[in-house]
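One structure is given here, and the rest of the page talks about it.
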Amino acid sequence: MEAASAALRRCLLLIVLVAAATLLPGAKALQCFCHLCTKDNFTCETDGLCFVSVTETTDKVIHNSMCIAEIDLIPRDRPFVCAPSSKTGAVTYCCNQDHCNKIELPTTGPFSEKQSAGLGPVELAAVIAGPVCFVCIALMLMVYICHNRTVIHHRVPNEEDPSLDRPFISEGTTLKDLIYDMTTSGSGSGLPLLVQRTIARTIVLQESIGKGRFGEVWRGKWRGEEVAVKIFSSREERSWFREAEIYQTVMLRHENILGFIAADNKDNGTWTQLWLVSDYHEHGSLFDYLNRYTVTVEGMIKLALSTASGLAHLHMEIVGTQGKPAIAHRDLKSKNILVKKNGTCCIADLGLAVRHDSATDTIDIAPNHRVGTKRYMAPEVLDDSINMKHFESFKRADIYAMGLVFWEIARRCSIGGIHEDYQLPYYDLVPSDPSVEEMRKVVCEQKLRPNIPNRWQSCEALRVMAKIMRECWYANGAARLTALRIKKTLSQLSQQEGIKM
């Protein structure tokens, strides 16, 4: 695309130069015959026109030849000075070639009308419009040719065309096969770029299923398999690159982390789209799921345990040649968690995540103090007391947010037909789109937390969930549970309830 753009710019520059050469007058002055210029060999120079006239009186004929400056040509398309005069009986003629006025004019009107009409509006318009039309046609032709070449080179298939990926991906290969080969080959950092691009460029988009902070999410198909395609606008290239980079972290793949498939930049001939292809989960986000359905005790434990497992894997550092750095999510909420067909969760939207290098005790990007969703921000983020140099601080902020997600899940747990309506955390304390200051006042100054209904005390599973929540919400981040501890507690609860994950 860059090569095509450069070629187009060169073509346009050439056309402009040709047009300028065609339309701009030459630097040399026009030389005219001048009957009064005896000292200059009867020649004058002008930037306007040459003029000649003949006036017939009762006793003689007066001839006049001279230069007319451009400033005196009023109006420019049909100057008054060049028009014949019926009152004086003068016949006039203006022209724009050297010594073109050194002619004999008849004293009759027909010649003057014919000659002066040479600078009439129709002819003048034709002279000007000719080169302009040529330039426009050449320009449109050039744009059309370059556009067609670009579309052919970067075509987006409107129907599935397996022949496009046959050289790289054998017939009958599924996404599951590709991912399995990748995870068992030892790399663990995502599919090869060529395979990613091949997959992305043979996906057929089906329907838009949502919009987020950085773009739109579509359901697509590749070889009959459904995939999710997150499309970023070109101005969000940094966000797209960052999320793709995090997803391809070595050893990140986990059943409770959204399965990454491919990243590609696609040019549709008009603008560039940045694609992030992942597994498709028809239930959508946990936020959507809880709005639509209530859950059983078993369903609640599966949702909570799988979320904790995903976060524990993110937070965990795996040491070794194929190790994985510890990662903090920084924007954990029910809208960034997806529900799978089997009723478990996977964590998505890693665009704001940060990775920790334990060898140097550094974070891989300069973190912003306040990123993420205000409603889910931990107290230390809201009051700006978080220690940005200490990676554990980011993990503890994730734990606080997960406690709020657990509260959303537990409210929808139906026991004996009794359950609460779905609500966002702090729904009764702040507006629908709260500011940082409004959240800080409630969470830090008033030290309020989401209300835990009394009915939860009548169920062991809900009692355990409530205890975990409270230990996630401590104002002191160091006192909060770790993701691994929460995972173990919920695993014990699932065993007690006889739940198979």
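Just so you know, the numbers here start at 1 and follow the chain as drawn.
Quick reminder: no glycine exception, Cβ is built from N, Cα and C everywhere.
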Recorded disulfide counterpart of Cys50 (Swiss-Prot; options Cys32, Cys34, Cys67): Cys32
Per Swiss-Prot, the candidate from Asn41, Asn148 carrying the annotation N-linked glycosylation site: Asn41
Bond partner of Cys67 - disulfide, per Swiss-Prot - picked from Cys44, Cys94: Cys44
As recorded in Swiss-Prot, which of Cys11, Cys34 forms the disulphide with Cys37: Cys34
Residues near Lys389 (SUMO cross-link) in space but at least six apart in sequence (CB under 8 A): none
Packing count at Asn41 (N-linked glycosylation site) (other Cβ atoms within 10 Å of its Cβ): 8
